[in-house]
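Encoded as structure tokens, the structure appears first; notes follow it.
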Amino acid sequence: MIRPKSMLAANAAWAHETRERTPGFFDVLARGQNPRVLWIGCSDSRVPAETITHSAPGDLFVHRNIANLFQPDDDNSASVLEYAVRVLKIDHVIVCGHYGCGGVRASLLPPPADLPHVSRRIAPLCALARRHRDTLAGLDDTAAADHLAELNVLEQVRLLRASPIVRDREPPPLVHGWI
């Protein structure tokens, strides 16, 4: 089991190794960030953006939440997009979903009464599942969840492209959907 104390020790070791291997690395990072990509991914611990893309610190501006949702009326989502597009001037937005997503699976079940925040967060995903219920009903549980994960990525791409934050910039950043 990983504990905070061992994580802190691992961070110190990583920092030492990085300084030895790449002198000046931290000086460059300290001058500011200049990522070209905004990554909107799932909070799931199995899909860390930097690890699965072999990206270095500073390469990605990362926003993670349950089921990689972009909600235009949510200040958390909108502020990340606004900062990335208008201040960092990123070139690409990547929405990355994944198979086996717990948020996607949860959206196919009755909302749990003991998780009201999660239920509210995934409500748009539940609505997406209802819109595609005929297609999803013909699939087994795993296939339905996997297909909904794909539909969710497409929906988030649609929402991002429709956002005035993206749409009004010239040229607008390219929005990609990955699974």
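The backbone N, Cα and C atoms fix where each Cβ goes, and this holds for glycine too.
In TrEMBL, annotation is done automatically, which means it is predicted and not curated.
Annotation source TrEMBL lists Zn(2+) binding site at Cys42, Asp44, His98, Cys101.
Listed in chain order, the extra residues whose Cβ falls within 8 Å of the Cβ center of the Zn(2+) site residues Cys42, Asp44, His98, Cys101 are Gly41, Ser43, Arg46, Val47, Ala67, Asn68, Gly97, Tyr99, Gly100, Gly102, Gly103, Val104, Ala149. Under DSSP, Cys42 (Zn(2+) binding site) is assigned to a strand (E or B) in the three-state scheme. Cβ neighbour density within 10 Å is lowest for His98 among the binding-site residues His98, Cys101.
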